[in-house]
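J.: Please read through the structure below; I'll follow up with questions.
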């Protein structure tokens, strides 16, 4: 059977034929790095990691892009709050933290979470702040085509004119009249309350480091514009797959599609959206207290079991967490690992790998993955192979056990279950990287405070690091750090 995916834009499961034979291009939305990653972020990353692994398993050469939104209202607001009198500083949110240091620190926290769960790095991981010229070019194309205009209030904002694009709403199948107003700027400068910001003029009190000069005045890019500019830079004007969480369909992806198509780009041929994570059947909410973080999950189960849990549902389905769910995932992973260990100990030797990875999995597994990435059915094939392998071992049929071992190892490779750091490897990798990134961000904030002659803040950062057992040593080439003896 041909590879098929559910395309959000057409609301149909369609045959997938890559734009370029033998290759595939995938863009999926990364994080706005304003805080620590939550399980929804990590589930989405695992979903698209499995997608990319499967496409590669079929023999395609995949170019993947996952962006980092490192300039945004939420990032600036959180940084601004840390400079206010009475701000209650903490280890997670220190006082007087520059916006760029905050964004970098949390970007590294996301990296650590991804690496801890075996999510491979994409081919490209561009930051929004590094692609402002590309955003200028996209705005200019939209203006030339009559789809964008400067704000009418002199604010320096630039808006996309939704009424000028008759296909606006095609991704989510909504009429403009039924949509919520765009909340991203003061509506007084808009022609229509649904128009959304492509460029946001600088506001009084905003840091100079968060402002770029543009043909329309100083300011910064809008969120939706960033993804359109970065995806097409690395993948071209038309590419195969655009992915992200279900919560991004509107307004983010709707606006991305509109501005890109209106600028003349073919843009994404397929739109894939993964379902959200709930807790006991309810939406996670800090106010209700029914949340769990990736860090907490990793404290309750091994990384491989956490990855299994977050990747086990159909990607379009809601994934529900409940107490005991990770214990169940741990037991399943142990059964898989138990079979592979017993098979090798018994002398079962799988045949040498030959051909594409997708050719070495059972037919039922391949059929499931080709059917809109049906991971639950693929896992059923994996568990059947484990059961058959255990039966072969019990009957001392090493040839059959070896054949099943080869299938199991091929399937776990596709699902990324064989690529999760465990034990000392896990501790030495993502955790140490995260610690280094966190400490360096504080050292950079201290250096900025010293440059500003803000000695109180510089001393406060130094003392906080010392209290945590970190020794900062100033040298001619800058500051370095080490753990206290």
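Glycine residues also receive a Cβ, built from the backbone N, Cα and C atoms like all the rest.
Pulled the feature table from Swiss-Prot, pasting it below:
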- 29, 227, 252, 256: Zn(2+) binding site (BINDING)
- 286: ATP binding site (BINDING)
- 185-197: compositional bias 'Basic and acidic residues' (COMPBIAS)
- 174-198: region 'Disordered' (REGION)
- 31-41: motif ''HIGH' region' (MOTIF)
- 283-287: motif ''KMSKS' region' (MOTIF)
J.: Determine the most Cβ-crowded residue among the binding-site residues 227, 252, using a 10 Å radius around each Cβ and all protein chains in the structure.
T.: 227
J.: When DSSP states are folded down to helix, strand and coil, where does residue 29 (Zn(2+) binding site) land?
T.: coil
J.: Short question: which residues 6 or more past the ends of the motif ''HIGH' region' (31-41) have a Cβ under 8 Å from it?
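T.: Residues packing against the motif ''HIGH' region' (31-41) from afar: 68-70, 72, 74-75, 78, 92, 102-104, 106-107, 109-110, 113, 223, 245, 247, 276-277, 284, 291-295, 297, 310, 321.
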J.: Within 8 Å of the centroid of the Cβ atoms of 29, 227, 252, 256, which other residues of that chain place their own Cβ, given that this set defines the recorded Zn(2+) site?
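T.: Everything else in range on the chain: 223, 224, 226, 228, 242, 244, 248, 253, 255.
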J.: Are there any residues in the same chain, six or more apart in sequence, whose C-beta is under 8 angstroms from the C-beta of residue 29 (Zn(2+) binding site), and if so which?
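T.: Non-local contacts for residue 29 (Zn(2+) binding site): 44, 66, 67, 227, 243, 244, 245, 248, 252.
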J.: Any idea what DSSP makes of residue 256 (Zn(2+) binding site), helix, strand or coil?
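T.: Residue 256 (Zn(2+) binding site) sits in a helix per DSSP.
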J.: Output, ordered by sequence, the same-chain residues six or more apart from residue 256 (Zn(2+) binding site) with a CB under 8 Å from its CB, or 'none'.
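T.: Listed in sequence order, they are 224, 227, 228, 231, 242, 267.
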J.: Go ahead and report the DSSP secondary structure tallies for the region 'Disordered' (174-198): helix first, then strand, then coil.
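T.: Once the DSSP states are binned, the region 'Disordered' (174-198) shows 6 helix, 3 strand, 16 coil.
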